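These come from TrEMBL:
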- 1-27: region 'Disordered' (REGION)
- 48-436: domain 'Catalase core' (DOMAIN)
- Arg92, Arg132, Phe181, Arg378, Tyr382, Arg389: heme binding site (BINDING)
- His95: active site (ACT_SITE)
- Asn168: active site (ACT_SITE)
- 417-463: region 'Disordered' (REGION)
- 454-463: compositional bias 'Basic and acidic residues' (COMPBIAS)
Amino acid sequence: MAPPTRPSRPASSSASVPPPPSGGGCPFLHGLGGELHQLAGENNPVLTTQQGIPVGDDQNTLRLDARGPALLEDFHFREKMFHFDHERIPERVVHARGYGAHGFFELTESLSDITKADIFQRKGEKTPLFVRFSTVAGNKGSPDLARDVRGFAIKFYTKEGNWDLVGNNIPVFFIQDAIKFPDLIHAAKEAPDRAFPQAQTAHDNFWDFISLMPEAVHMALWIMSDRTIPRSLRFMEGFGVHTFRFVNAEGHSTYVKFHLKPKLGLQSVAWNEAVKINGADPDFHRRDLWSALNSGDFPEWEVGVQLFDDAFADAFPFDVLDATKLIPEEDVPVRIVGRLVLTRPVDNFFAETEQVAFCTQNVVPGIDFTNDPLLQGRNFSYLDTQLKRLGGPNFTHIPINAPHVPVQNFQQDGHMAMRNPKGRANYEPNSWGAEGGPREDPQRGHTSFPAQESGEKRRARPEKFADHYSQARQFYLSQTPIEQRHIADAFTFELSKVETPAIRERMVGHLRLVDEALADAVAGGLGLKALPDAPKPARAPINDLPPSAALSIVANGPQRFEGRKLGLLVSDGADAALLSALIEAVDKEGAQLELIAPTVSGITDSKGVSHKAQQRVEGGPSVLYDAVAVLLSADGAALLSQKPEARDFVSDAFAHAKFIAFTKEAEPLLEAAGIKPALQDNGFVRLEKADDAARFLKTCGALRFWEREAKKPA
Ligand code: HDE
């Protein structure tokens, strides 16, 4: 427990923190230990060493007299320091920054005819699970709003053992063959000579690699879209990416792609907002998930499957084994078969989120792999990486990785073995009868689908893999105009950070094969005098694939403000009736509210009622909120108009196309922020009477007033 700091003002009688130790004096002198005891509650347990030995003094090392040398004999000091010195384990080579939570999967439609996987048999049955969300490129301490793919890895603790679905929030991937993964990641992460830039792809190495790998063009469109700057981990989709197999009790196989659709709809932030959020709250996503879980707003996703057979796979213009392609929902609808609900945060971040070890090869009977060359490579890589990260082969003994069913085998020993065979038998076959331990079960056990394979051993890819532009174009044309504009802006931003003109031009050349108008916009943004030549595609693109509405975020918005957050800028003397109407409207909508005030102690409204603030103006910029309301007294507006942070609060909300509610008294602040009455479009709501609060919250359901941004010159 951190000792409380001495308050600079007289402590109020309602203060619940314990008083600081009395008597003053230097805290490093012996004797303080006794006074610190006053800070503890009556029933605090006794501090012990790792050996369980009660500790008498945790403030002073054992030394020869107060000013003498430290003594080697101090086993408590040595043990404490030894353990601290070894607290770190290697961070993940990719997806280092992550956040996990526990929850469950509930089956809403049985798939027993399609798969024998136990988890998909009984409608209404719940299976516990652990999810870890992550960014890919940044190191463990990198900011949450980096432009990056988000990992969406799920460990299902099924009755037939652990099934790991290690997916992303984007349905396709950069590369087709696992052998290119180390190159992709090296190119994306910081350059080895300078160790920057970190957690971003806006640099030469990344775009050099991508522009030389046409297969990455489809994914490049996705990562330059708003998908890579999600507003919340709760508002993004999840995808298994690869084609897997379901196998039923008769041994029949059906291809399957896994989907997760957020119950609260999709939502992303604007790029300029992301940049500012990273400064204002680098932990924005984890804080959001933490607060949602702790306030009982359990995030939920629909779990769906796309099921298809060989006939579909053969007729589909692309190869279903190619992870750079998706199957449009219009071609194979997503059948919703369950729901995934997150219900609680971890008890300990390290023990659970850091030590959780996902492995793509963890599949249960009824689920099997296909020959997707990326998936097959992953099946090697994940097991391999856990050994390095967790230090030995027994990482499955760590509670977060242990299945919720008995583990019975003859594996033994190794570092930190917690689970070893009991009795004499540590091998099989053996002739020790009932004492001889577990045996294989050909009926219940996992059996691989007996796919017929033949052909030459070669380093080659199937012909259909060579189409790199058709689905990139389809994705681009499936976006709303504002999203298309964001894609062009993102390419322009990233390529403007690339110092080598030839790389910029090579990338724009690829974009010409996606959409000439996109290439033109990016070339214009980069100031290119002429459009570079497009490369010769390895396979002629199909240019008339129909747009797929499911690929747009804006088209799939929730049309409600539930789960979102309103930032309410207030001052002393704010209209009491409007304030309570806003509080009520937010609550009714299932949204959250934060009060931002001149000081964090809060304000007193026009009726003399005090309200606590969650943020001080200087620490609560509008980028942290989905919509804002400005409820000020005339004095409050005069005061805040002098503060650049208050002016930015309003002007940023305006620039980020947010809905803004305001009272008449707040107008001077709007004016000071450069928002003249003529600029007050339909994204503004005047708060005059209590009813306006509910009307405003309904308006906020559109999440952003994109028309405002559309009016800005390209
Ligand atoms: Fe991963 N990936 N990956 N990946 N991946 C890892 O495993 C790898 C790929 C994904 O929260 C590593 O435990 C290869 C696709 C997630 O702990 C490593 C290839 C998809 C996570 C690894 C891929 C993913 C990882 C690093 C190309 C989406 C975080 C640490 C063949 C379907 C899991 C670790 C977590 C993590 C290898 C491609 C998703 C090194 C070789 C495609 C969500 O094993």
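Every residue gets a Cβ built from N, Cα and C, even glycine.
A TrEMBL annotation is a machine prediction, not a hand-curated record.
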With an 8 Å cut-off on Cβ-Cβ distance and a minimum sequence separation of at least 6, pull the same-chain contacts of Asn168 (active site), or say none. Val149, Arg150, Gly151, Phe152, Gly238, Phe239, Val241
Are there any residues at least 6 positions away along the chain from His95 (active site) with a Cβ closer than 8 Å to its Cβ? List them or say none. Ser134, Thr135, Val136, Gly151, Ala153
Let me know the most crowded of the binding-site residues, choosing from Arg378, Arg389 and counting other Cβ atoms within 10 Å. Arg378
Over all pairs in Arg92, Arg132, Phe181, Arg378, Tyr382, Arg389, the listed heme binding residues, work out the largest Cα-Cα distance in Å. 21
Under 8 Å between C-beta atoms and at least six apart in sequence, can you list the same-chain neighbours of Phe181 (heme binding site), or say none if there are none? Ile175, Leu374, Gly377, Ser381
Quick note, Tyr382 (heme binding site): same-chain residues at least 6 apart with CB under 8 Å of its CB -> Val166, Ala357, Phe358, Cys359, Thr360, Gln361
Please state whether DSSP places Arg378 (heme binding site) in a helix, a strand or coil. helix
Three-class DSSP assignment, Phe181 (heme binding site), comes back as helix
Can you check which residues sit near Arg132 (heme binding site), meaning Cβ under 8 Å from its Cβ, same chain, 6 or more apart in sequence, and list them in order? Gly98, Tyr99, Gly100, Gly151, Ala153, Thr353, Val356, Phe358
Given the model, what does the mean pLDDT over the domain 'Catalase core' (48-436) come out as? 98
Which residues of the same chain, at least 6 positions away in sequence, have a Cβ lying under 8 Å from the Cβ of Arg92 (heme binding site)? Gly98, Ser134, Thr385, Arg389
Taking DSSP states H, G and I as helix and E and B as strand, how many residues of the compositional bias 'Basic and acidic residues' (454-463) are helix, strand and coil? 1 helix, 0 strand, 9 coil
